[in-house]
Amino acid sequence: MKRIAVLTSGGDAPGMNAAIRAVVRKAISEGMEVYGINRGYAGMVDGDIFPLGSKEVGDKISRGGTFLYSARYPEFAQLEGQLAGIEQLKKHGIEGVVVIGGDGSYHGAMRLTEHGFPAVGIPGTIDNDIAGTDYTIGFDTAVNTAVEAIDKLRDTSSSHGRTFVVEVMGRNAGDIALWAGIASGADQIIVPEEEFDIHKVVSTIKDDFENRGKNHHIIVLAEGVMSGEAFAQQLKEAGDESDLRVTNLGHILRGGSPTARDRVIASWMGAHAVELLKEGKGGLAVGIRNEELVESPILGSAEDGALFSLTDEGNIVVNNPHKARLDYAALNRSLAQ
């Protein structure tokens, strides 16, 4: 394989630029040419394809976002869109594609492989909701951004004796809420993987203020459960009388310079994706398990579902067996600040 392309698709994630950089530099070191595709699959169909060299990726490792831009392009799910994209790849002499993104991006990569264009996926999403890898690119940065924000909210919460509901991204997976909540010492964490009793949530708030000597309360809520405003309304209807505020961290979690960890794993996975394409392998997704590079079928990585579930005792059972087990209940209550 002499010429490959790289694209980013779906929601952006800190560390995508580091992955692109690794793809380009590794490919060049292997004597391959690299082309960039702007705006994901939309750019592929439109022919927005151009050569990439070492100069184009210089100083990109520390930048957030993706300099190749990104877009959601549902039309690529249809055969017509796929064939139009493949026509452009052929026109530019491209023999393989590295796709950086989430589950929707992975489905597009699988379609390319089925049409004879080997594609390798790199998990790039802050939600950490791709199976086959312990961590996705951008997750660590998003968690650190969330923790920094929650720490600051705790300052104002304790100054005024308030309850804060902090909404974070996580449509189908509560990983950001879980990890950021634990790291910030949140009093309660509400995730899609666990059903909650609103009356117990209210009771816990009341217990903190009346019996535990606390003058503030922090609840971290994954957006996949419901919006922060809707959750706050349920709290009030269930009898919460605390001075309640809602903060939605929203898209701020996608921005910022990637952490060292995100830069490193993005570099590892980008280089490994090139190695797979050099061997003519497609339909695979690169991942990190136990700090080692692995690959798995790309479609399975996109469709394995939730990465963890919670037992009645509050224990986190990670569906990916290579992830650590954490005691949700113990960390939530005994270590809460």
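A Cβ is built for glycine as well, from the same backbone N, Cα and C atoms used for every other residue.
Its Cβ placed at the centre, ASP127 (active site, proton acceptor) has 28 other Cβ atoms within 10 Å. Look at Swiss-Prot and you will find ASP127 tagged as active site, proton acceptor.
ARG72 (ATP binding site) counts 16 other C-beta atoms within 10 Å of its own C-beta, drawing on all protein chains shown. Among the features that Swiss-Prot reports, ATP binding site is placed at GLY11, ARG72, TYR73, GLY102, ASP103, GLY104, SER105.
Residues or ranges marked as ADP binding site in Swiss-Prot (evidence: sequence analysis): ARG21, ALA22, VAL23, VAL24, ARG25, ARG154, GLY185, ALA186, ASP187, ARG212, LYS214, ASN215, HIS216. In this view, ARG25 (ADP binding site) is surrounded by 19 other Cβ atoms within 10 Å of its Cβ, with every protein chain counted.
Look at Swiss-Prot and you will find ASP103 tagged as Mg(2+) binding site, backed by sequence analysis. Following the DSSP three-state reduction, the secondary structure of ASP103 (ATP binding site) is helix.
Residues or ranges marked as substrate binding site by Swiss-Prot on the basis of sequence analysis: THR125, ILE126, ASP127, ARG162, MET169, GLY170, ARG171, GLU223, ARG245, HIS251, ILE252, LEU253, ARG254. Listed in sequence order, ASP127, ASP129, GLU223, GLY224 are the same-chain residues six or more apart from ARG171 (substrate binding site) with CB atoms under 8 A from its CB.
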Report summary line: Same-chain residues at least 6 positions away from MET169 (substrate binding site) with a Cβ under 8 Å from its Cβ, in sequence order, are ILE126, ASP127, ALA142, ILE176, ALA222, GLU223, LEU249, GLY250, HIS251, LEU253, ARG254
Query raised in the report: Can you list, in sequence order, the residues of the same chain other than GLY11, ARG72, TYR73, GLY102, ASP103, GLY104, SER105 whose CB lies within 8 Å of the CB centroid of the ATP site?
Result: SER9, GLY10, GLY40, GLY101, GLY108
Query raised in the report: Looking at the binding-site residues ARG25, THR125, GLY185, ASP187, LYS214, HIS216, which ones sit with their CA no more than 10 Å from the CA of GLY102 (ATP binding site)?
Result: THR125
Report summary line: Here the Cα-Cα span from ARG25 (ADP binding site) to THR125 (substrate binding site), rounded to a whole number of angstrom, reaches 22
Report summary line: Of the binding-site residues listed (VAL23, ILE252), the greatest number of other CB atoms within 10 A surrounds the CB of VAL23
Query raised in the report: In sequence order, which residues at least six apart in the same chain have a CB under 8 Å from the CB of SER105 (ATP binding site)?
Result: SER9, GLY10, GLY40, TYR41, VAL99, GLY121, GLY124
Query raised in the report: Around TYR73 (ATP binding site), how many other C-beta atoms are within 10 angstroms of its C-beta?
Result: 22
